Structures are given as C-alpha cells and as structure tokens.
Amino acid sequence: MGSTVSHIDQADYPAAQGVALQLNSDWTLGPLFFGWTANVFLCGVTVSWLAGYWRRAKGDKWTVKSAVLVAACSEVVTAILNLLSIISHGKDQNRSNDAISLLRGTDALSVLIGAFAAVAAQAFFALRCWRVLPKAARIPFLLWIAVLVLASAGSAFGITIVELINHGATDSTRGASPDAYTNLYNLALAWLFCGAAADISISAVLIARLWQKKRAANAGAAAAGRSGADGGLGGFMRVTFEAALCTTITAIVSGFTYVTLTETTNLSYAFSNLLPGLYALSLLWVLNSAHRLAEEIKLADLNTIQLVWDLSASPDGGVDGRDRCLSRIVEGTASGADGKRVSSEWEIKRGLASSKARGRLGENVQMLSIGRKASRKEGDEASLSGKRLVVGEGEAGFWLDEVDFRSTCERTIDGDDMA
C-alpha cells in the first residue's frame, strides 16, 4: 500500500532533475515514528536512572552534577519535541510523499537540543582521560577531542539552521535553496562521524590507561608475593566499554545508513534520534556503576585496615621489632558486648603506597593491608559492630586515613605502645 501511494504521489509531485525521491512512504515516516517513540522511552529510563544517581551524588563535584543535569535535561527536552512531532504527524492526514518528507520545526530543534547531551557526556569522559593520561599527552588529546566535539555540535547547530531556513524542504521545487540538500548531507556526516570518532578516542584512551594501571598493579602484587589486584580496575574497564559501545555503534550505523540510504529512506533517523538518550544514559550508567563498585569495594574492605609504613624509619629492634609491632596489631583479642571472647585470624599484604603517601613520607613507604580472614565468637556467631582503629604517627612512621572495619572494640595504638 505504501509503495502504491508513493508512486501516485510522485506522479502528482514531479521533482526536478537530479533530486532524489524516497520511493517508499513506509520507509519515510516509519523510521521517524520509531526514532521518536524510542527516544521518549529512553527519556523515561533517563529520569529513573537520574533519580537513582541523585541519591548517591552527595559527594560528587558540582561539575559532575552539572554534566549530568545538562545531559538529562537535554534528553527530556528532546523527548518532548519528539512527542510533539508524533502528535503533529499523527494528526496530519496528508500522507503524500511531498508532505511526509518535510521536516518540521520540532524535528530541527531536537537535533540541536540533543547535541547538548552529547557535549555534556563527552566533556565528562574527556576530563577523566585528562586525569589518567601522562602530562605530555594531555593537551594534544584534549585539543583533538575538542575539535571533534565542537565539529559534531556545530554541525548539529548547522542542520537546525538549514532546516529552519528552508522550512524542512531539501529541493528547490518546494522552496529550498539550491544547495540545501548538499549542505544538510555534509553537515549530517560531520555530526554523526565526528561524534563517533570522539567516542572511540575517549574510550580507547580510558580502557588503555586502566589496562596499564591494572598490569602495573598485578606486577607489583606478584613482586610482593601477593595475589593479583582486585577487580575494581577491571570493573571500571568493563563499564567504560559498555558506556561507549551503544553511542559509538549507533552513531556509526546512523552515519552509514544516511550515506547509503538517505536517497530512498529515512532509516538513519531511526538511529540518530536515539543518540541524545543514549548519551545521557551512558553518563548515568558510568556514574551509577562507579558508585556501586565503590560500595562493593567498601563492603569488601570492612574487615581490612590499610596502613602506610615508612621502611626507612624502623622502630627500635630493627626488622624483628617492626614485625613484633605488626603482630601486636593483628593478633589482639577482645570481648564482645555480651562478654564472650572474639578471636580473629589476620593476614598482611604489602604493596606500593599512593603518590600522596610517598610525597608525605618518602619514596620508601609501602602500603600494608591487614585483613581479617575470619571472625567468630566462641560458642556463638553474631554480627559485629563497626568501630575504628586509629594508629598515631610515632617512631614507626604510620600514616592512616580513618577506615571503618568490623570489630567489637576500639583500639588506639601510638608509636610508644608499639615499641
């Protein structure tokens, strides 16, 4: 039916020589309705994820919150414009090829507003790359990403302007400028492929740097005779890949379908209309996943105390004295709230301290992770209340950020007590 109507319409509305017509009206309006409806659905998911993120966002910087709000609000406004397009085209009973192939004001504005979601998400990930890159590579990479992001956003702005000026038409027989189709074609290619190139560049840098850090952590653990690094870095690598996968693939598919099929169908719009929602969701997915990973790591470390030990400042007694000091920490026993004895089995792991700790205490400091392998109450098992172990700075040269762990007592140990 759509093909028959399309042929009749083409006879009623002849086109100038060289102007491509879309031969099947089913593939003209159908992909648009699919893209609009899917974007409205993604808006609902975005609002739901935004509510979940905001409960965890108390400690996030205002720049991160601003990026989230810009991306989410852009998706909401884009979804409203797409909903207006659905209503407008649904009420219009003119199904001629000439009518349905015209883009309207809401269609043009949705491209521009949706670009803000892409800019917010890409700017956030670009700043993450800045933090993990070597200093020599930061400026060149940031300039490269800035060029791609600005080219993509500028092209989206250009598409909106051209469509508004020509009232949605692309050929001179309907009042468009002679170069309207060519301008829209080139701008759409820059919009889609520059955005995809930015996503690929950012994802490649993040995953590569996280992989290098994970390899370094595993090498340090192997040198110290410990097991490999925890799954935190691997989890962040997976999340980064997942976040970039949807937007990158969607932009590339939309670009290729636009290049190959725009003369006969609007199939590319079914994918390009998804991009604002996917960018907002990719940002929220990464942030929510990061918070969940942090919570998992925190729960896993409830029975772990991390200390920074200055190897150049051994307590009296040399190595034997230092080992004796550690034994006094990890071999203590205490009584529970009901008076029953609590016994613990501990293990000590050693690794490279953070750059902050090395800058404060010297390059010889190492991280000591004292973890409790098991905790039980004689004759009974019960949950233990959270307390805090505080180690003061004495001759042993300890430095400890306050870390909560499960115990039934609070012990304060200073350098004199450990000698």
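From the backbone N, Cα and C atoms, a Cβ is placed for every residue, glycine too.
Note that the coordinates shown come from a computational prediction; the quantities given were computed from them, not determined experimentally.
When Cβ-Cβ distances below 8 Å are used as the criterion, the transmembrane segment (33-54) is approached by residues 68, 72, 75-76, 78-79, 82-83, 85-86, 89, 269-274, 276-278, 280-281, 284-285, 287-288, 291 of the same chain, each at least six residues removed from its ends. Positions annotated as transmembrane segment by TrEMBL: 33-54 (among others).
If you look up TrEMBL, you'll see 66-88 (among others) marked as transmembrane segment.
Within the same chain, residues 63-64, 67-68, 70-72, 74-75, 77-78, 81-82, 85, 141-142, 145-146, 149, 152-153, 156-157, 159-160, 163-164, 168, 191, 195, 198-199, 202-203, 205-206, 209, 243-244, 247, 272-273, 275-277, 279-280, 282-283, 286 sit at least 6 positions outside the transmembrane segment (108-129) and bring their C-beta atoms closer than 8 Å to a C-beta of that stretch. Taken from TrEMBL, the feature transmembrane segment applies to 108-129 (among others).
Feature annotation from TrEMBL assigns transmembrane segment to 141-165 (among others). Long-range contacts of the transmembrane segment (141-165) within the same chain, counting only residues at least 6 positions beyond its ends with a Cβ under 8 Å from a Cβ of the stretch, are 103, 105, 107-109, 111-112, 114-116, 118-119, 122-123, 126, 129-130, 133, 177, 180, 183-184, 187-188, 190-192, 194-195, 197-198, 201-202, 205.
For 185-208 (among others), the entry in TrEMBL reads transmembrane segment.
Taken from TrEMBL, the feature domain 'DUF6534' covers 196-289. Averaged across the domain 'DUF6534' (196-289), the predicted model reaches a pLDDT of 79.
If one looks beyond the transmembrane segment (243-261) by at least 6 residues along the same chain, the residues whose Cβ comes under 8 Å of a Cβ in the stretch are 118, 121, 125, 188-189, 192-193, 195-196, 199-200, 202-203, 267-268, 271-272, 274-275, 278-279, 281-283, 285-286. Under the heading transmembrane segment, TrEMBL lists 243-261 (among others).
What TrEMBL lists as transmembrane segment is 267-287 (among others). The list of residues near the transmembrane segment (267-287) in space but at least 6 beyond its ends in sequence, with Cβ under 8 angstroms from a Cβ of it, reads 27, 31-32, 34-36, 38-39, 42-43, 45-46, 49-50, 53, 57, 60, 64, 67-68, 71-72, 74-75, 78-79, 82, 110-111, 113-115, 117-118, 120-122, 124-125, 188, 192, 195, 239-240, 242-244, 246-247, 250-251, 253-255, 257-258, 261.
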